[in-house]
Every structure is written in C-alpha cells, then in structure tokens.
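What follows is a set of notes on a single structure, which appears directly below.
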Amino acid sequence: MPAIVLIGAQWGDEGKGKATDLLGGRVQWVVRYQGGNNAGHTVVLPTGENFALHLIPSGILTPGVTNVIGNGVVVDPGVLLAELKGLEERGVDTERLLISADAHLLMPYHVAIDKVVERYAGSKKIGTTGRGIGPCYQDKIARQGIRVADVLDPALLAEKIEGALELKNQVLVKIYNRKALDPAEVVENLLEQADGFKHRIADARLLLNEALERNETVLLEGSQGTLLDVDHGTYPFVTSSNPTAGGASVGSGIGPTRITTVLGILKAYTTRVGSGPFPTELFDDHGAYLAKTGGEVGVTTGRARRCGWFDAVIARYATRVNGITDYFLTKLDVLSSLETVPICVGYSVDGKRTDEMPMTQSDIARAEPIYEELPGWWEDISGCRTFDELPAKARDYVLRLEDLAGAHVSCIGVGPGRDQTIVRRDVLAAR
C-alpha cells in the first residue's frame with residue numbers, strides 16, 4: 001500500500017485529529033512529520049471520551065497502530081512524558097509509539113528565548129505559542145541542535161549542550177537581562193527525562209520504508225495548516241516548519257513517489273489563531289456565532305480563534321501547493337440555522353479583482369473578500385450518514401466548495417464524534 005498524507009488546508013485547527021482517528025483502524029502506521037507541541041489535535045471516540053493530543057500522533061488511540069514521531073518534529077521531553085502519562089492513566093496503550101532518532105529535542109533555552117523575544121517584540125509580535133518551537137528549528141538549521149539520539153551518548157550530549165549555552169546564555173543575560181542556565185543542570189534533567197523515552201528511539205525512516213515494502217499503509221499526519229507553512233504560508237505569520245505535503249517526505253524519510261493520496265482537511269468556514277492577515281474575518285454577530293457554535297478555542301494555547309466565512313481562494317491555493325487529491329470537510333453542522341452562507345470566491349486588492357492568492361505580504365494584508373451567497377439550511381444534520389440525507393441546500397454548499405477548491409470532497413464531518421461522518425468516496429481505496 002502507498003503512503004497517504006493528511007494536511008490542514010487553512011490556518012490549522014481544521015479537524016485533522018478526527019480524520020486520522022476515522023482512518024486509523026485501516027492503517028498500520030501513523031506518522032507525525034513536523035511541528036511540535038505548538039499545535040493540538042482533538043479526538044472524540046464513539047464512547048464520548050475526548051482526547052487532546054499535542055505531540056503524539058492521533059493513531060495512538062487506535063489499537064494495533066504503530067505511531068511514529070518523525071525526524072521533522074521537534075520534541076519537548078517534558079511534554080512528551082506528560083502526554084504519555086496522561087494517556088496511560090486513561091487506559092491507552094502507548095507501547096506502539098516510536099521516536100525517530102533524528103528528531104530534534106526542544107531545550108529549556110529554546111522556551112526561554114522564545115518567550116522573551118515575543119515579549120520584546122510588542123506590537124510587532126507574530127503570535128507564537130511561546131513553546132520554543134521557532135528557536136529549536138533555528139538551531140536545527142544552524143546545525144547546533146540536539147537530536148533525540150544524542151541522549152544515548154551522555155558525553156556527546158554534554159558537549160553539545162555546553163557549546164549551545166555559551167551563546168544562549170550570552171543572549172539571555174546580556175541582551176534580555178535574564179538568568180543564565182546551568183549546562184550541567186540542563187544535561188542532568190534531560191538524561192533523567194530520557195530514561196522515560198529512550199527505549200522508543202528508532203531508525204524510523206528504515207522501519208517506515210520496510211513497512212511500505214510489506215504493503216502496509218502509512219498515514220503521514222501534519223500539524224497546523226498550509227497557510228502556516230514557513231515557505232507557502234502568510235509569511236511572517238507562520239510556523240517554523242513545512243506542514244504542506246512536501247514536508248511529509250522530508251519529515252518522515254519516505255520518498256515522494258510513495259505518496260499517492262493527499263487528503264486535505266477543510267473546515268466549512270475559516271479560523272486562525274494569532275496574528276496575521278485573514279481576509280474573511282468576521283467582527284459581527286456571525287463571527288460570534290461561529291466561535292460559540294464551533295467551540296473555537298485553541299487546543300494547545302487556549303486562545304480564542306478568529307472566525308470568518310469559507311475562503312475558496314486559500315482552498316484553491318492549498319489544492320495547488322499540496323497536490324490535494326481529496327478533501328475532508330469538517331464542521332458542516334456548525335452552519336445549520338444560518339439564513340445565508342457566504343463564500344469568498346475572490347479578493348479585491350486596490351480595486352482589482354483576483355481569484356488567486358496575492359503574491360506579496362502587503363497585497364494579502366489589503367485583500368478584501370468578494371462573496372457569493374448561498375441559501376442556508378435550518379435542519380439538524382448531525383445524524384446524517386449519507387450525502388443524500390443532507391438537506392438539499394447543504395448538499396449545494398458542499399458541491400460549490402468542491403467546485404471552487406478543485407478537489408473532490410470525499411468525507412464530510414457533521415459532528416465531533418468519529419461516527420458523525422459522511423463518506424462519499426473511500427480515500428484509502430487503491431489509486
């Protein structure tokens with residue numbers, strides 16, 4: 001079987017956890033390929049149990065699935081151990097979780113620098129989660145990072161941390177007037193934490209490619225979304241990694257020719273957390289309705305999400321840059337009871353219409369949405385399990401989004417539960 005990539009097609013928080021959970025029973029491997037604990041997945045089991053995952057792949061909730069934290073992820077050891085403990089206390093078997101030896105470790109100095117830099121940025125801050133993700137990726141690119149495998153060699157680990165802190169402490173003390181970190185203490189704490197996860201360290205790229213050779217199915221799970229990609233997102237208001245489909249190969253060690261399906265996750269409206277452009281953002285009662293009805297609060301940050309109407313411009317853009325073959329449309333039920341449902345079909349930038357993503361940061365910031373209004377529906381659709389059971393106006397809305405986005409809407413979420421899903425086309429079927 002081939003590998004399948006699951007990605008967010010907006011600014012994150014689209015419902016990727018539900019999609020992974022839905023498919024989890026039919027795949028053998030679930031891999032997280034980028035990001036860190038700066039994003040969260042919410043999974044609601046048929047029993048009604050609610051799980052919020054920040055670092056561990058959503059497949060951990062499906063028995064028999066092997067879960068991998070890939071080389072493209074940055075791992076906070078404390079968060080990892082706390083999340084494992086929380087799952088185990090609720091009866092979840094975590095034995096089948098592996099960590100790539102080449103994933104990078106998020107260190108205390110990354111968190112310290114992230115928080116202080118964001119604080120000093122004032123009105124120019126980009127709205128980071130303050131969890132050290134950006135500084136950790138900076139060290140990775142600068143070839144100064146600490147890899148997971150380094151905990152297996154305490155002498156090398158101590159040498160690398162001492163070298164890193166020579167500079168980090170200068171920055172903390174002399175620029176930001178903060179307390180220096182003790183290298184020996186940092187090493188000691190990390191080695192103590194490593195006792196709880198070093199048995200999970202593996203050559204993930206080898207295991208994943210061997211699994212594909214055995215005809216097993218690998219699901220590659222991204223965090224955040226396309227518009228937060230450091231290269232393809234609304235820079236500089238982006239994350240520090242590549243959530244887009246290209247990042248799945250790099251962050252897992254699986255070659256791109258192994259990937260035949262790219263499943264994009266689209267919310268039936270649009271949200272984003274933190275700063276940055278958002279052309280369809282609502283500041284009226286409709287925005288408040290979407291936020292309240294959709295429960296739009298960040299899983300990781302607890303911050304209220306900004307809400308707006310569906311933006312077909314960014315959906316088309318996501319289809320293009322990811323090569324999306326199928327879409328999973330989530331939270332369609334939230335739109336029930338609206339008299340009309342606007343869809344952004346293009347932008348006006350300085351009086352000129354464009355149906356494509358503006359090329360420059362300043363143009364995106366000035367983009368004004370051009371709307372097409374569709375009639376709404378009043379029926380409760382949370383019990384619908386086939387496309388034909390949806391009200392005609394809800395079906396029309398889905399088909400219009402499909403046409404505008406440029407890829408087939410294969411699954412539709414009509415509620416938070418795993419079973420509250422309409423499947424129009426099997427995304428795991430052979431292509």
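Cβ coordinates come from backbone N, Cα and C, glycine included.
Positions annotated as active site, proton acceptor by Swiss-Prot: ASP13. The active site, proton donor annotation in Swiss-Prot covers HIS41 and rests on sequence analysis. For 12-18, 40-42, ARG305, 331-333, 413-415, the entry in Swiss-Prot reads GTP binding site, with the evidence type sequence analysis. Summarising the annotation, Swiss-Prot assigns Mg(2+) binding site to ASP13, GLY40. Annotation comment: Swiss-Prot describes ASP13, GLU14, GLY15, LYS16, ASN38, ALA39, GLY40, HIS41, THR129, ARG143, GLN224, THR239, ARG303 as IMP binding site, evidence class sequence analysis. Per Swiss-Prot, the feature substrate binding site maps to VAL299, THR300, THR301, GLY302, ARG303, ALA304, ARG305; the stated evidence is sequence analysis.
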Greatest C-beta neighbour count within 10 angstroms, which of the binding-site residues GLY12, GLY15, GLY40: GLY12
Fewest Cβ neighbours within 10 Å, where candidates are the binding-site residues THR42, THR129: THR42
Shortest C-alpha distance to ASN38 (IMP binding site) - which of the recorded positions ASP13, GLY15, LYS18, ALA304, ARG305: ASP13
Three-state secondary structure, LEU332 (GTP binding site) (per DSSP): helix
Those binding-site residues, out of GLY15, GLY40, THR129, GLN224, LEU332, VAL414, that come within 10 angstroms of ARG305 (substrate binding site) at the Cα: none
Between ASP13 (active site, proton acceptor) and ARG303 (IMP binding site): CA-CA distance (Å): 12
Cα separation, GLN224 (IMP binding site) to GLY12 (GTP binding site) (Å, whole number): 4
Inter-residue C-alpha distance, HIS41 (active site, proton donor) and GLY15 (GTP binding site) (nearest angstrom): 7
DSSP-derived class (H/G/I helix, E/B strand, else coil) of THR42 (GTP binding site): strand
Residue among recorded positions ASP13, GLY40, THR129, GLN224, ALA304 with Cα closest to the Cα of VAL414 (GTP binding site): ASP13
Cβ neighbour count within 10 Å of ARG305 (substrate binding site): 22
Least Cβ-crowded entry, counting other Cβ within 10 Å, from the binding-site residues listed as ALA304, LEU332, VAL414: ALA304
